[in-house]
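Enquirer: My questions all concern the structure below.
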């Protein structure tokens, strides 16, 4: 797609220009897109102006001196209450008349803006429903009606001309200005009233995707009431407060601008406003942290307010110090982890119960230090006050007595610079990403080498951790304990200040250290000479400094993001639209306005919203740092999610030391990081941070690479390579510069993580080589012998009481026979092989159906699939195999990204429509017997095939019972000629070798030789295994002298052609699964021998098979067992695939090993700004076009990846972890 793709397509543009005027006016739909009778518009216009009319009545009565101010407002409010009741009553009556089913209000129904209504007359039900959709809940009808009356009455009082003249009389404002202010203010009131009582417009500032409880109608009236509340406070104040009067004058002017602010979406919805206000007060007023969930935020906010109130009422300064230190430490912990300990579950990556006594010892030490220093300071200050002669002696000698707080201030400055320097050394980049860290290891490929080269950095990180988490809190507590403002604690500001200060010491030691250092520097630089600065007290100074530091930091980040959008709109050729030059010129000409917008967004801690991600900047509405209303952990799961599920658990343990050592930089709530490993991209968000812990959310982005995804992923790789694998450039001055500085991503660190490494190979020359395929038959027989013998031994040694006919789980799962063996039956020493004459089953028809539909039983196929690209994510389907008893689920289909297996490329498509597949012989019913579909299922005549060996077999060794096989496995109806031809292929030497090895493993060195000799000389046992193994080989279809690649692949998938004994084999489900596993093992052995060389001895073959059984899952990506093996962290996984487009067979191997995951920091304000635009674009403009401009790849801003990482339903991460608690002390 080119850069000039439309921002909104034609359909959406028409939709937007119908919706936006409705938003501006608060609900009237004056542009419908179709013809409507004039009375529809008249109704809406009358209802819109009704509040002004009713308020005018009260105003007129007041101006005529008929009523005073209060009664004038009451009259207007009562009239509005009556009108609102009538309007809502009509709406509910019409809803009842037209039936129980009624359409949703327009604010919640996107289609309501597009429906074409047939109007019959002015009071018809459809007309009333169109003008006044009504409320869903009766409680809202009552609440909104009463609120509309109160709003109209208070607005009448608020906008009385006499009041406006008195408010602005001394400013020289004339009558014209007052009249204009009066008229425009009533327009604002009419907009708020209409959205409350008539019809609610869709707001540009939308936080929740669904307005379930009809909160949106309350947004605009609540802002109006907030403005009125300030004026009421001024009216009822005993003496005119200058600050309130100025505020009222300013708010009266802003009252006129409210419709513009609503239309631009700068004012938060009530739910977002409440959460944002609680978060800001908790962080900057009470010293807490942004919380990971809304419930935690509410509980922590209320608890912190209670602590501040209690601090105000504590009578002594010593009690204040001890109480605030203890409460600060307690609330800076994640107390929910105590519940985890009580439940008996070890906390995530924590110390368990050991953390409690350690924390108790530390807080006791902190309390002791604070109490002693405070008391000593009081004693010393008392002594200095009483002993004035000593002071005069100090002054006469020219030596000023040392101030304890000043000494501690210098110590804090030293700690700050040391910890900051040690933190800078931990990351790959320094000075905000502008330069590369020369001490960070480069071109490291293995985790072992990385650990070896970063040993010195880890020692520095441990030193920093000790200084920051142990020394700094104690020093800061000492600094605050000797503060002179503790003597004036019984003021609200100081009570809040000390509560916050002692909380920040624990909650965010690094931020608290920076703030105290700035306060100390200001004091040393002569801050006492600034008017009223010294009178504020240290703790209030800390509050102001923290706000300034945060807002300045936000301003710098937002300005950097704005410059990135501006510059790349021209420098990136694929982002350069025709309007780019015009927009750049406008931004340059209106540079002061741009800076004002950036400053305002920073001041409000609101996102800077680039409209359609163009250099057109707006102030988004303030919202919590998490940006989304829901609890983290929602995702759009797919089969590929399992890889992130395994990776996230390991990544969380690797993040802990990196966070603690400072490798991630200034890690605060709201920070975002991007992790990269092979084809996987991880989005790491910091949700919450406290003393010694951090709560993170890890998201996995889709593995299927779209074109946009590929462009940005390639740039991410370039950024990481420039930092971690860069080649030294000539010149001492510029060799350390970051070549990708200015990108939204700043490389931070490498993390050793135990993760699956993905390797794909094309099997051309291996799977189609006659030499290799000729060996497959022999390997299969050997593998099947080993599996059957091992199965019997494990049954016997386990001693369980289950029957041998129980279903065995699919190969590779941890519930397979190696983990959950089935016990053997106690049987006699003499085993009789029964002669059976069985009628041929009538189920050949459904076998034909099974064979021919095997490819269409996995998932969906679409003509839009990119056959040359990655595999599309499909919803998994279950494949059912019919047996005589029931239906058995074989597995749940999943697909590994990039896989070219036949089951994932052509899953449910009719094979007749795939002419390229016909030569492969797949699903065409080849080899099946001819049947007459018109006839009923009549039992076929008895078969003439009988068991070749009809004589009873006599075990000569008493230990042969251990290796006996179930009777059902010896009942195959196969022609004796087939088995006689294959009898020489039975590996007798291998059979004897396996017997000796298994006896050695089971019995040890005791009677090993005698038992082994007896078993090897037992011809009945060998005959039994010969018969069963060869029968399985024939039934599976693996008796071909030379396999074709197509037949090998079909047998590997368990979808081979119909054979004479296939029905018998599938009826014995357990034996079928063992046989299939043996064939898959033999295919893996074939691939290994072709790659690594042939197996040279029986002992090597035995060891190889044992390794397969213990450490490998060998099967299909579409098996549910594949997912289970990934979650259970099976060391290796192997699968075959078939690329139909290229005509090649492939292998895929996942190996679990420790690899280096690259992690970089993202511009958090850039992320918030793009998410704000996404919210506006999808929830308001409904611009969900998959090819829209704002979702196109942007290699500098990483726009496509950022949109993917948003919470559903706006984003689409395929995995999102619940909040993960990490202990980082």
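Backbone N, Cα and C define each Cβ position, glycine as well.
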Enquirer: Per Swiss-Prot, which of 272-292, 377-397 is transmembrane segment?
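Expert: Going through 272-292, 377-397 one by one, Swiss-Prot gives transmembrane segment for 272-292.
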Enquirer: Which one of 70-90, 91-111 shows up in Swiss-Prot as transmembrane segment?
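Expert: Transmembrane segment, as annotated by Swiss-Prot, spans 70-90.
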Enquirer: According to Swiss-Prot, which stretch among 200-220, 347-367, 431-451, 536-556 corresponds to the feature transmembrane segment?
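Expert: That would be 347-367, the stretch labelled transmembrane segment in Swiss-Prot.
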Enquirer: Among 141-161, 561-581, 624-644, indicate the range for which Swiss-Prot gives the feature transmembrane segment.
Expert: 141-161
Enquirer: If you look at how Swiss-Prot annotates this chain, which of 592-612, 655-675 comes out as transmembrane segment?
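Expert: It is 592-612 that Swiss-Prot describes as transmembrane segment.
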Enquirer: Quick test of your reading of Swiss-Prot: among 466-486, 676-696, where does it put transmembrane segment?
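Expert: My reading of Swiss-Prot: the transmembrane segment range is 466-486.
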Enquirer: Counting only residues 6 or more past its boundaries, what in the same chain has a CB within less than 8 Å of a CB in the transmembrane segment (141-161)?
Expert: 51, 54-55, 58-59, 62-63, 69-70, 72-81, 84-85, 88, 92, 134-135, 178-179, 182, 185-186, 189, 192-193, 196-197, 217-218, 221, 224-225, 227-228, 231-232
Enquirer: Within 10 angstroms of the C-beta of residue 1200 (N-linked glycosylation site), what count of other C-beta atoms is obtained when all protein chains are considered?
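Expert: Total other Cβ atoms inside 10 Å, all chains included: 23.
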Enquirer: So what's near the transmembrane segment (311-331) in sequence-distant terms, Cβ-Cβ under 8 Å and 6+ beyond its ends?
Expert: 287-288, 300, 303-304, 359, 363, 366-367, 370-371, 374-375, 378, 477, 480-481, 486-487, 489-490, 492, 495-496, 498-499, 501-507, 691
Enquirer: Indicate whether residue 1200 (N-linked glycosylation site) is helix, strand or coil by DSSP.
Expert: helix
Enquirer: How many whole Å apart are the CA atoms of residue 1200 (N-linked glycosylation site) and residue 1173 (N-linked glycosylation site)?
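Expert: Answer for this pair: 13 Å between alpha carbons.
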Enquirer: The transmembrane segment (592-612): which same-chain residues, six or more beyond its ends, come within Cβ distance under 8 Å?
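Expert: Sequence-distant neighbours of the transmembrane segment (592-612): 7, 265-266, 276, 280, 550-552, 554-555, 558-559, 561-562, 565, 618-623, 627, 1165, 1168-1173, 1176-1177, 1189-1190.
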Enquirer: What same-chain residues lie close to the transmembrane segment (172-192): Cβ under 8 Å, and 6 or more beyond its ends?
Expert: 25-26, 48-52, 55, 151-152, 155, 158-159, 161, 164-165, 220-221, 223-224, 252-253, 255-256, 258-259, 262
Enquirer: Could you check what DSSP calls residue 1173 (N-linked glycosylation site) once collapsed to helix, strand or coil?
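Expert: Where residue 1173 (N-linked glycosylation site) sits, the three-state DSSP reduction gives helix.
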Enquirer: List the residues of the same chain that sit at least 6 positions away from residue 1173 (N-linked glycosylation site) in sequence and have their Cβ under 8 Å from its Cβ, in sequence order, or write 'none'.
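Expert: Expected: 609, 610, 611, 612, 613, 1190.
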